[in-house]
Amino acid sequence: MPSVCLLLLLFLAVGGALGNRPFRAFVVTDTTLTHLAVHRVTGEVFVGAVNRVFKLAPNLTELRAHVTGPVEDNARCYPPPSMRVCAHRLAPVDNINKLLLIDYAARRLVACGSIWQGICQFLRLDDLFKLGEPHHRKEHYLSGAQEPDSMAGVIVEQGQGPSKLFVGTAVDGKSEYFPTLSSRKLISDEDSADMFSLVYQDEFVSSQIKIPSDTLSLYPAFDIYYIYGFVSASFVYFLTLQLDTQQTLLDTAGEKFFTSKIVRMCAGDSEFYSYVEFPIGCSWRGVEYRLVQSAHLAKPGLLLAQALGVPADEDVLFTIFSQGQKNRASPPRQTILCLFTLSNINAHIRRRIQSCYRGEGTLALPWLLNKELPCINTPMQINGNFCGLVLNQPLGGLHVIEGLPLLADSTDGMASVAAYTYRQHSVVFIGTRSGSLKKVRVDGFQDAHLYETVPVVDGSPILRDLLFSPDHRHIYLLSEKQVSQLPVETCEQYQSCAACLGSGDPHCGWCVLRHRCCREGACLGASAPHGFAEELSKCVQVRVRPNNVSVTSPGVQLTVTLHNVPDLSAGVSCAFEAAAENEAVLLPSGELLCPSPSLQELRALTRGHGATRTVRLQLLSKETGVRFAGADFVFYNCSVLQSCMSCVGSPYPCHWCKYRHTCTSRPHECSFQEGRVHSPEGCPEILPSGDLLIPVGVMQPLTLRAKNLPQPQSGQKNYECVVRVQGRQQRVPAVRFNSSSVQCQNASYSYEGDEHGDTELDFSVVWDGDFPIDKPPSFRALLYKCWAQRPSCGLCLKADPRFNCGWCISEHRCQLRTHCPAPKTNWMHLSQKGTRCSHPRITQIHPLVGPKEGGTRVTIVGENLGLLSREVGLRVAGVRCNSIPAEYISAERIVCEMEESLVPSPPPGPVELCVGDCSADFRTQSEQVYSFVTPTFDQVSPSRGPASGGTRLTISGSSLDAGSRVTVTVRDSECQFVRRDAKAIVCISPLSTLGPSQAPITLAIDRANISSPGLIYTYTQDPTVTRLEPTWSIINGSTAITVSGTHLLTVQEPRVRAKYRGIETTNTCQVINDTAMLCKAPGIFLGRPQPRAQGEHPDEFGFLLDHVQTARSLNRSSFTYYPDPSFEPLGPSGVLDVKPGSHVVLKGKNLIPAAAGSSRLNYTVLIGGQPCSLTVSDTQLLCDSPSQTGRQPVMVLVGGLEFWLGTLHISAERALTLPAMMGLAAGGGLLLLAITAVLVAYKRKTQDADRTLKRLQLQMDNLESRVALECKEAFAELQTDINELTNHMDEVQIPFLDYRTYAVRVLFPGIEAHPVLKELDTPPNVEKALRLFGQLLHSRAFVLTFIHTLEAQSSFSMRDRGTVASLTMVALQSRLDYATGLLKQLLADLIEKNLESKNHPKLLLRRTESVAEKMLTNWFTFLLHKFLKECAGEPLFLLYCAIKQQMEKGPIDAITGEARYSLSEDKLIRQQIDYKTLTLHCVCPENEGSAQVPVKVLNCDSITQAKDKLLDTVYKGIPYSQRPKAEDMDLEWRQGRMTRIILQDEDVTTKIECDWKRLNSLAHYQVTDGSLVALVPKQVSAYNMANSFTFTRSLSRYESLLRTASSPDSLRSRAPMITPDQETGTKLWHLVKNHDHADHREGDRGSKMVSEIYLTRLLATKGTLQKFVDDLFETVFSTAHRGSALPLAIKYMFDFLDEQADQRQISDPDVRHTWKSNCLPLRFWVNVIKNPQFVFDIHKNSITDACLSVVAQTFMDSCSTSEHRLGKDSPSNKLLYAKDIPNYKSWVERYYRDIAKMASISDQDMDAYLVEQSRLHASDFSVLSALNELYFYVTKYRQEILTALDRDASCRKHKLRQKLEQIISLVSSDS
C-alpha cells in the first residue's frame, strides 16, 4: 500500500522545559489530520484525516492506513450519487473525517466523513477492514457540512440491547435533510437496514431535534456547532456554539454574535422530551468569555473537591473559552480555563424545569418557533432524574451558568483541554493555537498553577482531541500534520530538590539518596523515612561549621549537620568538587566530620579565583554511590586583597600588614607589631575634603589630609603623588609631615586641547615605590583651564566659583588672578562687589513682529548679557519688556514679555539693553528691529466639517505669524494648532459639544484677541459608511473599494484602515460625492509564508474619517484578504519568441480570488509600455501581442503589485525576394552534388569497416558460446554467494556513509579532513568580514562577476575551478534555492559561450573546464543522496560485492594487482597459475571462545591477502572503518595447543632467486585445508624492524604515483599491497614477475588485440557479472524503480536543458540527448560507479577499481548517440559489451523520453523542495570555514575582481566593490 505519510518516530527536540528530551511523533505530508481516538485498553491510536484513517501503535508506529477518499461527489446531490444519478457535475471531492468513535461493544471504529452528505464507515479495530458503509437511506446521511470540528458524538451502551449513538452536527443550512441532534441505533450487523435509524420515530415525535426552516429564513447563517459530548450518570450532554439570535441583526451582512450553550438529555429518553439547553460562559476581571473552544469531563482531585465542597467522585467539567462573542471561525487569542461542576449545572437545569412546570415564563428557546409559548402549570414532583413530558419542552435556560475562572491567557490562545487526577491533585493539560502544551495543577478554584509549557509543533494549532494513554503516563496531541506523544511528566529535567519540588509538578518528588527527580515508584528506598521528599520543606538541609577556611589552612575538621536525610549508616564520603573524596566520620549525634582539602588541592581549587572561591562541599552515599547533598563552602585568600580597606573590610578574618603592604589571614606574619591593622579605623587613608582642584600650568604644592600614614622604614622609599591624565603619568615627590598630612611638592600639571574646561584625572599617593594610600570613594581631582570654552567675560564669570577664574580686562581672556597683569584693577571676579561685564552684544531676537497689545515673549540671544536677570534692563521698539527669570541663561539669553504699547501706531525699533546703568560700556542695541502689527483673518477653509472634529482648518488673513503664542477657538473649544505663517494658521477642528451647529472662530495672539464678525464654521452630521463593494482584497492591498455612505464630502482626508495581529495599515480614499468615495484597500502584514486559501480576516477594518470614531472599526464588516496573485516568468531565460498579433499566455496562481460576488481584480498588462486586451482565468491571463516588433518588456500591474515577467521577442516573417530565392536554389543544387560525392566515398569506407566488425563480432560470438557453460556455473556460484550477502544485508544494512562524509568525498576528492568539516577559529574582525562576505555571496551579480572573473585568469587552474565550485556550493547549502538559480544562470552563460565560440554543442558539459560544470556535479551530489540510499545504492553495492567476490575466487597478484578473473585486459594475469581453494577455520579475534568461522582462501594467496579475506568474513556486515586493518593484525597458524606460527609476507624463510624475492604465500608455509588460524594484534619481529626502513622508503616513493584525485580512499585502494624495493637491487614478485623484465616479457603488450585464451577469461568474468551490471543500469535508467519516484532534481535540470535548447533553437535531438548525458550520467553516475567508496564505507582494491572502470566506460558508451565502430584497435572492454550497448542505449533513450513526458516541476515546488533539503543539512558543514577557503581567491585575484565589479553596471548600482573593499579592509586589519 502506498504510504501517504512520512512516519517519523522523531526524536523531535523540544524547547522549553523538555530541553533536548525527545518525544515521538507521527507526521503526515499529503493529508490533514482532524480527529483522534485512543483505545482505553490496548492504547492503540486511531487518527481521522482527510481521505484517510490511520491505526497507530501506542508508540505511534503506523500499523494500518485505510483510504476513504477522494470520492466522485457534488455537495448539491441529495440523495448522494451512490444512490441516484445526480443532475450536477461530479468531481473528485475530499472526504473530511468529522467524527471518530470507538464502539467497544462491537469492536469497531465509527468514522464519519463529509462526502455523500455525511456517511459513516465501520472499520474493524484490528486491521481497519471496512465492515460496512451504510448509505442507502436518509438516516445514513448525518450532514454534508465540511467543517471537521463541527460534530460531536457519544456512544451509550445498553447492556443486552444495541448501543445508541447520540450525535450532534452542524447542518450548513440544510435542516430539511439533517437533524442537528439525534439518537441512532448502532446495530451489530453493519449491513442491517436499521443501522443509524432513529431510536424512536412515529408520525408525531422522534429521537431528533431539527432547526426550523423559519429560523433559517430569518437567520440564514444560523447553525449549531457541537464542540464536545459526554455522558454523566444517566444524562447525555453536549457543549455547543450557536448564533445568538438576540444580538445578531437580521441583515446577513451584519456582524454575527455567538453564544455557548450546554445541552442535556436523559440517555434513555427516546422522544427527546428532556431536551434542555442553557447558556454558559465565564467572566474574569469584568471581561466576558462566551466562545467555548474545548472541554473535558474529569473527576476532581481531593484538594480541588474539598475546595469546591463536592465529593471526590463528583464529575467536573474543565472548559476553554475565548473572549467575547464574535469571530467563531477565528476566535481571539484571549482565552480562559474555567471549571463547572455537574451538580451546579444540574441544579440550574432542575430549578428551570421546576419553574416552568409551575407555569412561570416561556419556553425561552430563541431558535425555536415556540420560544414564546408560555410554560404550562403542571403540578408534579420534579427531582434530579426527571426526564420530561410531552409538554414544556424543549426548554431553554434564562440565565448564563457562570464557570469558575482558573487560568487566563492572552498570547498563546488555549484551544484544547484534558485533565485527570494524580493522587490528591487535579492535573490539566492544555493545547494552544501556537502549538504548545501547557500543564496546570489545579488544587482549588483560586489555586491554579501553570507549572510547565512545552513547545510541540511550532505555529500549528493543537486541535481539540487531547487524549491520554490508558495508564495516563502519556498524552497524545493532534495538529493538522502531526500526532505527538508526550509524557505527562518530565521530572528528570529538574536537577535539584528545590527545582524539582518548586516546579509545581504533582508527579515529581525528590529521591534523596539517588539525587534525582522522579515519581515515587521510580525511587528505590522511597519507603524509608526521609527517602523521598514531596514538599519543599523536606529537602535535605546541610549546615557546615565553620563555613569558610583560609587557603593557607589545610586539613581543617568541618562539622556537617544534616536534616531530612534517611539512614546514613552505610557510610558517607565528602568531596570538594574536583578534590579527592574523603570518608566522613559519622558521630552519634548524626553529624558528620569532614576534613577540608590538602594544601595542594586547595591551590588547584582556588588558583585564579581572586579573594574568595565558593566550592560545593558534596556528600556521597556509599549505599548508592551518588552525591546526594551539598552546601556552599568558601575558601578565602587574603593575600590577593591589594588595599588596607578591602583587606580589613573583608567578611573573613584578614589582617593588613601596613609596612609590607600585604593582606594575610595570619596576624603573626606582620614584620612589626605596630604595623598590623585589623579594622578600617587603623588603615592609612586620604581623608575626604572636597574635590582637589588643580589649575593647568600653575606651579604649586598640593596638601592632603590623611590618617595613619606610615613612616617609611629603613630601605623604604618616600612618598610620591602619581597623576595620570590622557594616558600620561606624572610622578611628583611628596613629603609626609606627620601621620595625618602629606604634601605633593611644587609641580605644574596640564592636559592637551581646549575642548573641555576641566577634566578629571587619576590621582593617587604612593609610598615605597608602589604602595598606594587608600582614597575615599568620593575623592576627585579636577584639572582645569580658565580660558577653555570661556571666550567672553560673561562665560568666564559664570564658571565654577571654586576654579577662581576671572576676566583679565587688558588681556581679554579668562585667567587666574596670578596670571593677569595688575590684577587689582585689571582682573574681574564674581566675588567682587558690583562686578559686571562691559560691552554686551545682541546677536539674535525672535520673534520680530508682535501685536501692540503686548504679551509677546521675545527671546534675545548674545554675549555679556549680565550675570543676573535683575541687573538687565530692556526696551523693545521703545516699549518696556519684562525679563522672565525662569528662562534667563546667565550672560547668554534673556526672555522677556512685552508690555502693551500705548501709542496708536507704534513704529518699529531695535532692542535696547543695559547691564546695570546705561553708560556707553554697558549699553547696546540690536541690529534687527521689532515691529508692531495688527493681525486679522477673514476666511476659514473648509467652512464645514463633521461634528466629531478632526477637520484640518486653514484660517487666512494677514500678520498671523506675529507674537509668540497663538490660540484658535471654535466656539468654546481650542483648535489643535498645526502650523502658521504670515497669511494662514492651520489647526485641527475640535469636537462639537452641541453636535451639528454653527460655531464662531476667534484668535488669541499673545494678549491680542481677534475676531471676524460673520465668519462662521459649520459642524455637520458625522459621515457614516453603509456599504463596501467588494468586501475583499489581496494581502498586498491597493485594490479598489467603492464605499457608500452619508455626508462624505465633509471629510477632508479620508483613509481606510485595517488592523491585523496588532499591526495597523492604512491607504488613501478619494471622495466622489456626498454618498460615495473610492478607496484603495490597505495591505496587511501576514507574518507567515502563505495565507490560507479561504482568506484572512483582519481584527479590525474601518475608516479614518477625520475624528469620527464610529467608522474606525466596522462591527459588521466581514472583510477578507485573499492570497496575492503570482506569475511565472516567460521562460527560464525570461525571453519568449512570438509572432505579431498572436496570443500571449501569462501563467500564474491566485489570479481570481475565491471571493463571492462579481468583483474581480483589475489587471493591466503592459507590453512595451502599451496595454493589451485581457482575458482572465484562475491560472492565466490571455492577451494579444501588440503590432510592434523587436524585444518588448512585459509587465503586469494589479493591486499595487508590479510583476516584470520578462521580454517578448516579436519577430515578423519576411517574404524572400525573387533574386534571393534563385540564389538559394542554385546554392542548394551545388550542396546536393557535394553531399552525394561525400556519401559515395563514405559508403566504400564503411563497407570495409563493416566486414572487419562482422569478423570480430563472429569471433566474439564463438568465444562467448564456448565459455557460456563456464559463465553459467560461475554465475550460479556467485549468485549463491551474493544471495548470502543480501540475506545478511537484511540484518546489518548496506554500509552507507553519512551525508557529510559522502558529500566531502565527492566535493573534495582526496581530502578526508577538509576545513569545512570543523568550525573556524578566527579573530572577531575576520569572522565579521567572512560573514559580510557570506552576505555578498547572496548577491547574484557579485557571484556571477566573481566566478567569470576567476575563469578569465590564465593561472586559475582546473583544480581551482573545482575547488571554487565546491566551496561555493557548501557556502550556499543553506540557500539551495538561491544556489540553484545561480547554477542555472552559470549554465546558461556557459551554453551561450559554447555556441559563440563555435564549439560543437555536444561538447557542452563534457569536461570540467568551468566552475558551473563542477557546481552541477555538486548539485546532483547534494540532491541525489536520498535516491542513492533508497534505490540506486543497493544494486551498486551488490555489483561491487559481486566483482570483489568473483575476483577473489581466482589468484590476484599482490604486486601488480593483476587477477585471473578480470574485466580489464590491463589487469589480467597472462600465465597459467596453479592454485587450490582452502577452507581455514578462523578464531574470532574478539572472542576466542566463540565458534570458529570457516573462510575460503587460495593457497597462492599472500599472507596479507589471506588476512584480508579472513577479516572480510569475520567482520561481515561491519563498515570497513570500524573493523581492524590487515596491517594491524598478524596471522597465526595454530598446529596444536603449543605450536603457533606467525605467517608473514616476508621473513627469514622468504625465497630469493637471483635478484627476485618472492612474497610468502599460504602454499609457501604448506598450510593445509581445514587448518586453524587466528588473527592477533601485530607483533614487531626483529625481521620486521630491520626491514621497516627499507619498506617505508620504498612505499613513499610510489605513493605519489599511485594516489589519484579520483579516489579519497587510502593508498591501499589504488596501489598493490607490496611495493618492490628497487633501491636495494632486489625485486619483489608474487605470482608473476614484472612484465617489463626482459626475461619474462610475453610479447608486445601495447597491442590491443587479445589472444583467444585471455579473451575467454574476460568473457567468462563479464558473463558472470552480467546480471549485476544490468540491475544497476536498469535502476539508474528507470523513472520509477523499486518503489522510488524520479528525483525532482533530474526532471528539473533536464527541463532546464530543454528550455535552453528551445531558446537557442537547437532542434537536433542528438545534441539534447548529449547534453543530458553529459549533465547527469557522465558528471555524476560515472563518478559514483567508479568510486563506490564515495557512497559506502568500504575498501576498494586495485583489481576492483579496474573492473568498475570498465563498467563505467560501458555506462558512458550507452549514453552516447554516436555509433561505435569496432575494429582491430578497439579496446577490449568495448568488444566485451559490444552486444549489450545497443540494448543499454535503448534504455537511456526511453529514460530520457519518459522524463520529458512527465509533468513539469514549477519553480515554487522546486524551491520548496530545495528549502527543505537546506534545512535537513543546514549544520553539516562549517559555512564560515568554506567562506574562509573561498576568500583565498579574493586575496589572490583581488585587483581583477575589484576591476570587474567596477565594470558591471549592476555591481556598481549596489556598490559591491565598496562592500568587498570593506571586507578586505577588515581582514587586513588583523594581519
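Cβ atoms here come from the backbone N, Cα and C positions, even for glycine.
Here is what Swiss-Prot records for this protein:
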DOMAIN    20-488  domain 'Sema'
TOPO_DOM  20-1220  topological domain 'Extracellular'
CARBOHYD  Asn59  N-linked glycosylation site
DISULFID  Cys77-Cys86  disulfide bond
DISULFID  Cys112-Cys120  disulfide bond
DISULFID  Cys266-Cys387  disulfide bond
DISULFID  Cys282-Cys338  disulfide bond
DISULFID  Cys356-Cys375  disulfide bond
DISULFID  Cys491-Cys508  disulfide bond
DISULFID  Cys497-Cys539  disulfide bond
DISULFID  Cys500-Cys517  disulfide bond
DISULFID  Cys511-Cys523  disulfide bond
CARBOHYD  Asn548  N-linked glycosylation site
DISULFID  Cys574-Cys594  disulfide bond
CARBOHYD  Asn637  N-linked glycosylation site
CARBOHYD  Asn738  N-linked glycosylation site
CARBOHYD  Asn746  N-linked glycosylation site
DOMAIN    840-933  domain 'IPT/TIG 1'
DOMAIN    935-1020  domain 'IPT/TIG 2'
CARBOHYD  Asn1009  N-linked glycosylation site
DOMAIN    1023-1122  domain 'IPT/TIG 3'
CARBOHYD  Asn1036  N-linked glycosylation site
CARBOHYD  Asn1073  N-linked glycosylation site
CARBOHYD  Asn1115  N-linked glycosylation site
DOMAIN    1125-1211  domain 'IPT/TIG 4'
CARBOHYD  Asn1162  N-linked glycosylation site
TRANSMEM  1221-1241  transmembrane segment
TOPO_DOM  1242-1871  topological domain 'Cytoplasmic'
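As a summary of secondary structure, the domain 'IPT/TIG 3' (1023-1122) carries 6 helix, 49 strand, 45 coil according to DSSP. Around Asn746 (N-linked glycosylation site), the same-chain residues at least 6 positions away in sequence with a Cβ under 8 Å from its Cβ are Met699, Gln700, Pro701. Counting residue by residue with DSSP, the domain 'IPT/TIG 2' (935-1020) contains 0 helix, 56 strand, 30 coil.
According to DSSP, Cys491 (disulfide bond) is assigned to a helical segment. The Cβ of Cys86 has fewer other Cβ atoms within 10 Å than any other of the disulfide-bonded residues Cys86, Cys375, Cys511, Cys523, Cys594.
Annotation for Asn637 (N-linked glycosylation site): spatial neighbours Ser550, Val551, Thr606, His609, Gly610, Ala611, Thr612, Arg613, criterion Cβ-Cβ under 8 Å with sequence separation of six or more. The subset of disulfide-bonded residues (Cys120, Cys387, Cys491, Cys523) lying with their Cα within 10 Å of the Cα of Cys500 (disulfide bond) consists of Cys491, given in sequence order. For Cys517 (disulfide bond), the same-chain residues lying six or more positions away in sequence with a CB closer than 8 A to its CB are Cys491, Glu492, Gln493, Tyr494, Gln495, Cys497, Ala499, Cys500, Cys508, Gly509, Trp510, Cys511.
Taking Asn59, Cys77, Asn548, Asn1162 as the recorded positions under consideration, the smallest Cα distance to Cys523 (disulfide bond) is found for Asn59. Spatially, by CA atoms, the recorded positions Cys77, Asn1009, Asn1162 include one closest to Cys387 (disulfide bond), and that is Cys77. With every protein chain in view, the residue among the disulfide-bonded residues Cys338, Cys500 whose Cβ has the most Cβ partners within 10 Å turns out to be Cys338. In this view, Cys491 (disulfide bond) is surrounded by 19 other Cβ atoms within 10 Å of its Cβ, with every protein chain counted. Nearest by CA distance to Cys338 (disulfide bond), out of the recorded positions Asn59, Cys266, Cys375, Asn548, Cys594, is Cys266.
The DSSP breakdown of the domain 'IPT/TIG 1' (840-933) into helical (H, G, I), extended (E, B) and coil residues amounts to 9 helix, 51 strand, 34 coil. By a simple count of nearby Cβ atoms, those within 10 Å, the most crowded of the glycosylation sites Asn548, Asn738, Asn1009, Asn1073, Asn1162 is Asn548. DSSP places the residues of the domain 'IPT/TIG 4' (1125-1211) in helix, strand and coil in these numbers: 0 helix, 46 strand, 41 coil.
Non-local contacts of Cys120 (disulfide bond) by the CB criterion (under 8 A, 6+ apart in sequence, same chain) comprise Leu99, Val110, Ala111, Cys112, Gly113, Glu133, Pro134, His140, Leu142, Phe196.
In this structure, of the glycosylation sites Asn59, Asn1036, the smallest number of CB atoms within 10 A of the CB marks Asn59. For the pair Asn548 (N-linked glycosylation site) and Asn59 (N-linked glycosylation site), the Cα-Cα distance reads 53 Å. Listed in sequence order, the residues of the same chain lying 6 or more apart from Cys282 (disulfide bond) and placing their CB within less than 8 Å of its CB are Glu288, Tyr289, Thr319, Phe321, Ile336, Cys338, Glu402, Gly403, Leu404, Pro405. The Cβ of Cys266 has fewer other Cβ atoms within 10 Å than any other of the disulfide-bonded residues Cys266, Cys497, Cys508. Here the candidates are the recorded positions Cys266, Cys356, Asn1009, Asn1036, and by Cα distance the one nearest Cys539 (disulfide bond) turns out to be Cys266.
In sequence order, Leu363, Cys375, Asn392, Leu395 make up the list of same-chain residues 6 or more apart from Cys356 (disulfide bond) whose Cβ falls under 8 Å from its Cβ. Counting in whole angstrom, Cys266 (disulfide bond) lies 35 from Cys77 (disulfide bond) by their C-alpha atoms.
Of Asn59, Cys574, Cys594, Asn1036, all annotated as recorded positions, the residue with the shortest Cα distance to Asn1162 (N-linked glycosylation site) is Asn1036.
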